[in-house]
Amino acid sequence: MADTAITAPLLTSHKPPKAPTIDDTIENYIGTTGVMQLFKAVLLAFAWAFDAQQVFISVFTDAEPQWRCTGASESCSPAAPPASPCGLPPGAWAWDRPAETTMVSEWALKCAGPALVSLPASAFFAGCLAGGFLLTTLADSLLGRRKMLLTSLVSMSVAGVLTTFAPNVWAYAALRFVSGFGRSMVGTCTLVLSTELVGKRWRDTVSVAGFFFFTVGFLSLPALGYTFREVSWRNMYLWTSVPSLCYSVLLYFLAQESPRWLLVRGRKQDAIDTLQQIASLNGNSITSSFSMLHACTMHADDGAGAGGAFATMRSMWERPWALRRLAAIMTTSFGVGMVYYGMPLNVGSLGTNLYLSVTYNALAELPSAVLSLAFIGRVNRRTTVVALTATAGAFSLMCVAIPEGSTARMVSELLSFFSTITAFNLILIYSIELFPTSVRNSAVGLVRQALVLGGVAAPVLVALGRERSFWSFGVFGLCIGCLGLFAACLPETRGRGMSDTMEEEEHKEAAAAAATACTGGGATDIIATKDNSDAV
């Protein structure tokens, strides 16, 4: 007994001290999240509103307006008009509204084929895809979150203003590509930067705030579309791009860089300056020394961000566990993105009022955001994503069988879209939790590009689906339902603390695997509970 009493303290004394985490270090200096700090994070999240406008603006600017027979030709009778005006002689038919209300009628693209009609929308998503792959690592390496966000917002806004002067469909598609290229990092940088600027308690709230503002931007489009329904479609680009440009100027003076990213990059002095600014926002003043930052910075700098713009990509590529996670969540995201971006573009095929249909789809974002906020701390990420994608796929397939113009078809489309939105929101939060700070922006950026890649294919399927609904609703349902199953390959992250380095995440993975091997599957829940208690 005496030997035991003597030995235990000696063993305990040789246990290496636990290195401070970035979360602990930041909150030790700045205190709890204050009102002004939270306000700045929410202000950052408002960028999602402008993001939503550029994503779905083509629902109105690229819409196919109604046409009517003029009675000037026997081949086109107003009482029994043909299914398409493409074979009619000139003057036998006319648009119901002025030709400049949409780009389809202004440039006479009604009979040009689905490829040309869908070209501007597909070019936008292709630009998002290209920009995401080329720019996503810059926010983790050279530029940081703040500079990358400002660059993306300004380029997206300027391209939108220039779009109002597009002389033809080819110039229009090229400018939409540039707009998509710039827009590609807006959502990613906003989500990552806003969550990294607040304490652990407010991260879920701030991340879901972005979803609310996305709904605000989406809802503004039917109002703008109805306001400009009798005038040029170019007005919509002007009235969405100029406010976005003004917002960028405001962020330039108010937004701060992420102190987590600065510490991971080894920029200790910049991190100290940022922490002092945040502390002053909370009404505090830092009087202690910054000695904790020495250990924290050394602990954080694992080289993932120190080898150039693509070092973060290489860091994930060299680790099988990171590559498996990335492949699984990107595959699921592709199916979700196809439905998420495709459904609003396809509301014209429902046979109902366009403005009301888009409004209903935009309003579906609101309860989804509320649901995400209410249950984000309570639901398992993995099983919920699988269930939501399966539900979305089932309701989308039901739209194929339900007759056009019926209320049941509209309800099925809304339920499918609602499930997809919720899965979309959860996937973004899930991807933040799956990857550490040193590669988080790059990983989340790639996940968003997988979502956008689904959006690239969506406009073509929508154009084909105007003749046969299986090519839109049917393909949408099969893709999201089947690809959503890949989420089952991901680890559960509910209740886990956020890692800062690849090594830290590997230690957690190894500890979870060892505990599971010894005690069975329940050990994962025990570890998650422990991580959750550390994060409170």
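Note that Cβ sites are derived from N, Cα and C of the backbone, with glycine treated the same way.
Across the residues of the domain 'Major facilitator superfamily (MFS) profile' (37-495), the predicted structure has a mean pLDDT of 82. Look at TrEMBL and you will find 37-495 tagged as domain 'Major facilitator superfamily (MFS) profile'.
According to TrEMBL, the transmembrane segment annotation covers 115-136 (among others).
What TrEMBL lists as transmembrane segment is 148-167 (among others).
Here TrEMBL flags 205-224 (among others) as transmembrane segment.
Non-local neighbours of the transmembrane segment (236-255) in the same chain are 40, 43-44, 46-47, 50, 53-54, 57, 60-61, 146, 149-150, 153-154, 156-161, 163-164, 193, 220-221, 224-225, 228; each lies 6+ residues outside the stretch with a CB under 8 Å from one of its CB atoms. Under the heading transmembrane segment, TrEMBL lists 236-255 (among others).
Positions annotated as transmembrane segment by TrEMBL: 322-342 (among others). Beyond its flanks by at least six residues, the transmembrane segment (322-342) meets 55, 125, 315-316, 385, 389, 392, 396, 416-417, 420-421, 423-424, 427, 430-431, 434-435, 439, 443, 446-455, 457-459, 461-462, 472, 475-477, 479-484, 486-487, 489-491, 502, 505 of its own chain at Cβ-Cβ distances under 8 Å.
What TrEMBL lists as transmembrane segment is 354-376 (among others).
What TrEMBL lists as transmembrane segment is 383-403 (among others).
What TrEMBL lists as transmembrane segment is 415-434 (among others).
Outside the transmembrane segment (446-464) by six or more residues, the chain places 55, 58, 114-115, 117-118, 121-122, 125-126, 128-129, 132-133, 136, 184, 187-188, 326, 329-331, 333-342, 345-346, 349, 424, 427-428, 431, 471-472, 475-476, 479 with a CB less than 8 A from a CB of the stretch. Sequence annotations record features per position, and here TrEMBL assigns transmembrane segment to 446-464 (among others).
Here the transmembrane segment (470-490) has long-range neighbours at 324-325, 328-329, 331-332, 334-336, 338-339, 342-343, 346, 349, 381-382, 385-386, 388-390, 392-397, 399-400, 413, 416, 420, 423, 430, 434, 454, 458, 461-462, 464, meaning same-chain residues at least 6 beyond its ends whose C-beta is under 8 angstroms from one of its own. Annotation source TrEMBL lists transmembrane segment at 470-490 (among others).
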Worksheet entry | Any contact, the transmembrane segment (415-434) to the transmembrane segment (115-136), with at least 3 Cβ pairs under 8 A | no
